[in-house]
Every structure is written in structure tokens, then in C-alpha cells.
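Enquirer: Have a look at this one.
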Amino acid sequence: MTNFQELLSSIRPGEKVVEPQSSSEELEVGQDDGPTVRKIRGIWWAIVITAIISSTFLYSLDNTVMANIRPDIVDSLGHMEMLPWISVSYPLGEVGTCPFWGGMYSRFDNKWLYFFTLLLFEVGSAIIGSAHSVEVLIFGRVMAGMGGSGIYLGTVNIISAMTSQAERAQNLGFIGVTWSLGTILGPIIGGTFSDSKATWRWAFYINVCIAAVAAPACLRFVPSIAPDTNKLSTRIKRIDIFGASLFAGGISTLIMILSFGGAIWPWNSGRMISLYVASTMIWILFALQQWRSLFTRHRIFPVELFANWEMCNFFVHTSLSISNTVVTVWTLPLFFQFIYGDSSLRSGLFVFAVSAAAIVAAGAGGAVFPKYTLYMIWFAVACGCVVIGNALLTTVSINTSRASICGYAAIQLFGCGLVVQLPFTVAQVKISPKHVRPVTSFLVTAQMAGVALSIGIATTIFVNRAAGDIARILPDLPRDAVYASLGGAGTPLVDGLPLRLQREVLAAIANNIGRVFYLNVASSVLGFLTSFLMKRERLQLES
């Protein structure tokens, strides 16, 4: 069992972190002792960092690439009733395995584990691209999600191990920029392939091509990083399989509740009640198993960190910044397509233009933070921007101009970009080196859960509320057709309606898109308030 007192005592304000050192030409990271000295410099370091974070681009791309290609997948493979499973399968594999990969990265060579998860992701992508049935596609999405989770966690761990504290903020900022790019470009790339002769399948085959180009540089220059030098059998025995299984089951049932409730099954149906009961029981069992270390001496989840307010605060801010970003990126295309009649590609291009604010903020923040390390101010200013942007976005209606909604979103996304990766930098400096990997796993879990749960909640709010309003306007329209259209199945909703009814339907859609942002308002206000509970201290970053 992790030494609880040792972990708590390792968290000190402004503590200088001592990193591993190697005397070899290529950096080798061993146990947590000695300062990091990176030997790779100049153009070779640029190649290495580009190759490593390219996998993060692929992982984030697959979070949103489905947004515009689901209608074509349904046309190609049929089974519209399986559409929600197509949407939910990737986050099921992604979030459900995050703590498991965190434990694995604490025990096995990070380089080769990273390559294993990359291979898992690429095999999943190939299965999706070649799928000739919905069931096979869903299986591939789950596999890709599992691999993507390990890729992202490995990227953060490897870059943290290969950089000094002063470098880390900028390099983790690169991860934030890359993640934002992938998330934003997902709908554009998916729509481009879907509208071309290549078809939607190449939206997934492209993952294999990019990975094949980047892998040789990673293989050559990424060092072996062995955090645990015990015997292989000992390390295997320390894996908390029971805890990992419970967490995967709990997060899967929770995502299914948020994704299927009201859209597939009525909230009070027997299937939904079964999900409520199963999810509650699994989470109770998981909490007890982790609290009492049942069936293991090495828990899969670093629950000790919940005993420290600072780490909990960073957990909250990590989840809030990422969830606000994805809800906006997911929602804006709906507004542009339904209200302005944009094509999927045109709407994606507008979202990309708006999201440049997040990309610029993430890059600039990573470069500037080492010079101005009073982190409480960074979080307060960022959350203030997010609150203002979200408050403005709640006012959108059918009469809102494109310039206005783009301006509102740019303010919000700029704030998100400032701190999207900052919790990693601050938390890793404030904790002892031996606990860097557990903290990284802790915060990555917050990110992935924030993505999956926020999209699930936002979808539930929008689809259920909008469907109810449209049903009152068009009582003779089958409810399934309404849900399919709002959920992205491509079913025409207002075609052929009189102009008065068209405007009423579009007004209902616009108003309910605005309601989605109340979710963001609540979370960003929470982030703004908790930012003032952070310590007013400057971090001392070692070069």
C-alpha cells in the first residue's frame, strides 16, 4: 500500500523537484533520483517532440472525428438504432482504462508501454476503417479508445521525464496545443474524407499512416524509462486488476446512462433502472475496494491525493478546462448547421477559426509561465474569461449573428487554453519526483472523465430538451426521427415545412443550444471561485 504520510509530506509549496539523471548519450531515466539532463538538443529535439505529440493529435482527433461522418456510416453499414453505441464506444475504452494505464506506467518501461498502446490504437483504427458491420466498428472504437488513453498518458509521462521543470511548462503546453488542434480538426478531417471519393474509412486509415511516419523517430530517440526495477513477476502481481475492472465497469455504466437516457430508452424504463442500480453498486464497491485496499496492496487509483486540497483543486480545474472546451467545440457546429444552414465542412472551418484562441493561449501560456509563476493568478484570469464567454453564449438565439457567437466562443476558449495543461506543470513541481506518475494519472483521469461526461451531459440536455420542444411544435412527427436528426443521423428536420414552422423549430434548437452553456457557466464559476483558494506563491522551476 502506498505510504499515506510519505505522500502527504512530499507536497510542499514551491518545492524544487529533483529529476532523474543519466550519464549516457541518450537520456535514460531510472529511479527517481538525480536531476534530469537532456542530451538531445536543437533540430533533433524538435523532431522527437513532434513525433511524440503527433500521437496525441491522433488520439484527440478520434474524439471528434465522428461528429460529421455518422450519417455516412449509417448509410454504409445500416442499423441506425446502433448510432448511440457508435458515439459512446470510444470514450468507454478511453476513460475506463485510464487508471489501469496509470498503474502500468508506474511499473513498466514507459517507452515500450507507449509503443504497445500506440499499436493497440492503430489496430483499432484499422479495424474501424475496414469494418463491414456496425458491431465490428464499435469493437474497433473501443480498442482505439483503450489505446488512445495509454498514448496520452504515456506522452505526458515521457515528456515530463525528458524535460527540466523550466522546460516542462512549454512542452506540456505543446501537448495542449496539439490536443486542441486534433479536437478541432476532427470534424473537418472527417467531413473532408466523407465528402470525397476516399470515403469516411480514410478518416481512420490516416491514423495508421501518420503513426508509421512518426514511430521511427520515437523508437530511435525516446529513452527507456523504467520507474520500477523489481522483477517482472513482482511488478505483474502489483497490478490491481480487481480495481481496474470495477473502475471500467463504473465509468461504462455512467456513460451509458448519460448517453442512452431519454434518447434510446425512457428514463424510467427497466433497462435504465438496471443501469442506475448497476452503476451505483459498482461505484460503491470500487470506493470500498480502494479505501480498504481489498485484494491488492497497490491500489489502481491514487486515492491518497484526495486527502490534499491542492491536488483536488488541480483535479477540478483539469476537468473543467477540458470539458468547457469540448462542449463548445461539440455545440458550435450544431448551431452553424441547423441555424445558418452550413455544410459540415463549412461549420468545422468556422469552429477551427474560433478555436485559434485556445491554440494561441495554450502555446503562449506554456512559453510565458516559466517567467511568471504565480499560478493562482493564471487560474483566476483564465476562469474569469471562461465565465464571461459562457455567460454570453447562454444568450444565443435564432437571431444571434455569426460574428457574435464566434466572439463569445473565442473569449471562452482563450481562457480554457491558458490553463488546459497548467495543472500538470504545477502539480508535478509541488510533489516529490517519485509521485509524479501517480499525479499524472490522477490528472489525466480528470481530463478524460471531463471529456466523456461533459459531452454525455450536454448531449442529454440538448437532445431531450430540444426533442420535447419540437414535439410540441410538430406533434405528428415521429419522436425517433427527431432524436435521430438531433443526434447526427442526417435526417432532414425542417425540409418541406412552412416558413413559420421552420422558424419555430429552429428557434427551439437555438434556444436549447444556449441552455447547454448553462452547464459550462456552472462549472466555470466553480473554477473561478476555487482558483482563489490556491496558494499565492511563485513556483521555483529548476532549469
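Glycine too: its Cβ is placed from the backbone N, Cα and C atoms.
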Enquirer: Between 138-159, 270-291, I'd like to know which one TrEMBL lists as transmembrane segment.
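Expert: In TrEMBL, the transmembrane segment feature sits at 138-159.
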Enquirer: Would you say the transmembrane segment (171-190) and the transmembrane segment (112-132) are in contact under the rule of three or more C-beta pairs closer than 8 Å, pairs 6 or more apart in sequence?
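Expert: Since fewer than 3 Cβ pairs under 8 Å link them, the transmembrane segment (112-132) and the transmembrane segment (171-190) do not come into contact.
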Enquirer: Might you confirm whether the transmembrane segment (42-61) is in contact with the transmembrane segment (322-341), defined here as three or more C-beta pairs under 8 A between residues 6 or more apart in sequence?
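Expert: Checked: the transmembrane segment (322-341) vs the transmembrane segment (42-61), no contact.
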Enquirer: Counting only pairs 6 or more apart in sequence, are there at least 3 Cβ pairs under 8 Å between the transmembrane segment (444-463) and the transmembrane segment (405-424)?
Expert: no
Enquirer: Considering only Cβ pairs within less than 8 angstroms, which of the stretches 42-61, 138-159, 202-222, 348-369 has the most against the transmembrane segment (405-424)?
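Expert: Comparing 42-61, 138-159, 202-222, 348-369 against the transmembrane segment (405-424), the winner is 348-369.
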Enquirer: I'm a bit unsure how to read this: which one of 138-159, 171-190, 375-393 has the highest number of Cβ pairs shorter than 8 Å with the transmembrane segment (348-369)?
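Expert: Most Cβ pairs under 8 Å with the transmembrane segment (348-369) come from 171-190.
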Enquirer: Please indicate, using numbers and ranges, the residues of the same chain that are 6 or more beyond the transmembrane segment (138-159) and have a C-beta under 8 Å from a C-beta there.
Expert: 49, 52-53, 55-56, 58-59, 62, 82, 85-86, 89-98, 101-102, 104-105, 110-111, 113-114, 116-128, 131, 168, 171-172, 175, 179, 204, 207, 222, 225, 424, 437, 440-441, 444, 448
